[in-house]
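Here the structure is laid out as structure tokens; the discussion comes afterwards.
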Amino acid sequence: MKPKLMYQELKVPAEEPANELPMNEIEAWKAAEKKARWVLLVLILAVVGFGALMTQLFLWEYGDLHLFGPNQRPAPCYDPCEAVLVESIPEGLDFPNASTGNPSTSQAWLGLLAGAHSSLDIASFYWTLTNNDTHTQEPSAQQGEEVLRQLQTLAPKGVNVRIAVSKPNGPQPQADLQALLQSGAQVRMVDMQKLTHGVLHTKFWVVDQTHFYLGSANMDWRSLTQVKELGVVMYNCSCLARDLTKIFEAYWFLGQAGSSIPSTWPRFYDTRYNQETPMEICLNGTPALAYLASAPPPLCPSGRTPDLKALLNVVDNARSFIYVAVMNYLPTLEFSHPHRFWPAIDDGLRRAAYERGVKVRLLISCWGHSEPSMRAFLLSLAALRDNHTHSDIQVKLFVVPADEAQARIPYARVNHNKYMVTERATYIGTSNWSGNYFTETAGTSLLVTQNGRGGLRSQLEAIFLRDWDSPYSHDLDTSADSVGNACRLL
């Protein structure tokens, strides 16, 4: 039971009147305070929003490359990558004393086609895989025709086949591409003439984003049996294959009607792997560093090393030797009018020989379509070999012999290689060594640094020395009569 409580109101002493502000001044002060708070809030939101916007723009332009500090590398690739050098040796070209026996390009291509399960992306210059394309009746075209037949079987089996090809500037056979379209393949023509005043000169395949071929061989039956070619097939190397797919995706985008080169490529095309941060891979059981370069520079999204920069880096880092095998060598912009001198590579080779004492060997192709002006530039390089300066540069011309029937095959019987090897690095590309191929024309290269003997680098060195020491290599002062009419540079 609660006790009965009595409540009594407390008497609060009266306060003395204070000096109060007039009501209009109080309201003015409150309004000013409220306005100041709103201004402060707006300023804070503006700063935060600006910071968020700049961060987004930063990431959009540079992708996630800048998540890595200057001394950090992307995570290594743990795929068991296997690299195999493949060659096309023209019929009748024999190396009786050579110990190197590499798989043929056609064997490699047919093997890749047989193993394709989900996708095949091909970047190509042109397509002439059959006798009908070249108006010939050559038995040696059989290998190219078989490649085309196998390509036509893929799309009906559920393989997504995409082909990016250079848009021709004039009449060019289209029967192969039409046959592939009818089989279910997708084809896009890239108008490099409109985009950069060049062509799509790239030659690579990507299979299931796991395996790839990259090299000098075109989609041409002659590239399998009548032209000397070199390339590399990478098996079980999805890290590199996916990165090569990014280069293909850029071509695929540019193959759309009305497309243009973006001023800034979207992040989708960016790469983490380049000259500064190459991919760490296990290649043929040995640690290696690798990355893919591309040309021309406008086709290089954030992170992608331009092809010329990659090539010059190999030259500049050589300390013992530089061996180069390439079809054309011209320190000019040969397809520009008027012609321009373009000494970027030439300067690098001369500097390597003169300043660092590097042994330089150039094996340049010579055939009926060689640019005559090459001879003067090659003689200039060879003239640096001198006992007083101790510069050691040698130049030879590689001539593929042809009998009467072989000589009638159009645009055949030539060494079409495009590679370089040093004591440190391997460079396998798709471009000739003259200016326009790096400034206007689309090309791709694979760069690998690997220590030790028995790796990709030493295998490529062995191929170069086999060719250099062969009876098909000739000094610049060789009599033209000794090689017949096959060479325009003697």
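One is the number of the first residue shown, and numbering goes on along the chain from there.
Using N, Cα and C of the backbone, Cβ positions are placed for all residues, glycine too.
Feature annotations, reproduced from Swiss-Prot:
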| type | residues | note |
| --- | --- | --- |
| ACT_SITE | H201 | active site |
| ACT_SITE | K203 | active site |
| ACT_SITE | D208 | active site |
| BINDING | H201, K203, N218, H416 | phosphate binding site |
| BINDING | F438 | Mg(2+) binding site |
| DISULFID | C77-C239 | disulfide bond |
| DISULFID | C81-C237 | disulfide bond |
| DISULFID | C366-C487 | disulfide bond |
| CARBOHYD | N97 | N-linked glycosylation site |
| CARBOHYD | N132 | N-linked glycosylation site |
| CARBOHYD | N236 | N-linked glycosylation site |
| CARBOHYD | N284 | N-linked glycosylation site |
| CARBOHYD | N387 | N-linked glycosylation site |
| TOPO_DOM | 1-38 | topological domain 'Cytoplasmic' |
| TOPO_DOM | 60-490 | topological domain 'Lumenal' |
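Least crowded of the glycosylation sites (N236, N284), judged by neighbouring Cβ atoms within 10 Å of its own Cβ: N236. Cβ neighbour count for K203 (active site) (all protein chains, 10 Å cutoff from its Cβ): 27. In sequence order, C237, C239, L240, M279, E280, I281, C282 are the residues of the chain that are 6 or more apart from C77 (disulfide bond) and have a CB within less than 8 Å of its CB. The topological domain 'Cytoplasmic' (1-38) scores a mean pLDDT of 47 in the predicted structure. DSSP assigns C237 (disulfide bond) to coil, not to a helix or a strand.
Annotated phosphate site H201, K203, N218, H416; additional same-chain residues within 8 Å of its Cβ mean position, judged by their own Cβ, are F125, T202, S216, A217, S223, K418, T430.
Each of the recorded positions C81, C366, H416 was scored by the other Cβ atoms within 10 Å of its Cβ; the lowest score goes to C81. Residues near D208 (active site) in space but far in sequence (CB under 8 A, at least 6 apart, same chain), listed by position: G115, A116, H117, S118, S119, L120, A241. Taking K203 (active site) as the reference point, the recorded positions whose C-alpha atoms are within 10 Å of its C-alpha, out of N132, N218, H416, are N218. Within the same chain, the residues at least 6 positions away from N132 (N-linked glycosylation site) whose Cβ sits under 8 Å from its Cβ are P173, A175, listed in sequence order. Annotation for N387 (N-linked glycosylation site): no spatial neighbours, criterion Cβ-Cβ under 8 Å with sequence separation of six or more.
Put simply, the two farthest-apart Cα atoms among H201, K203, N218, H416, the recorded binders of phosphate, are 13 Å from each other. Candidate recorded positions: N97, N218, C366, C487. Nearest to F438 (Mg(2+) binding site) by Cα distance: N218.
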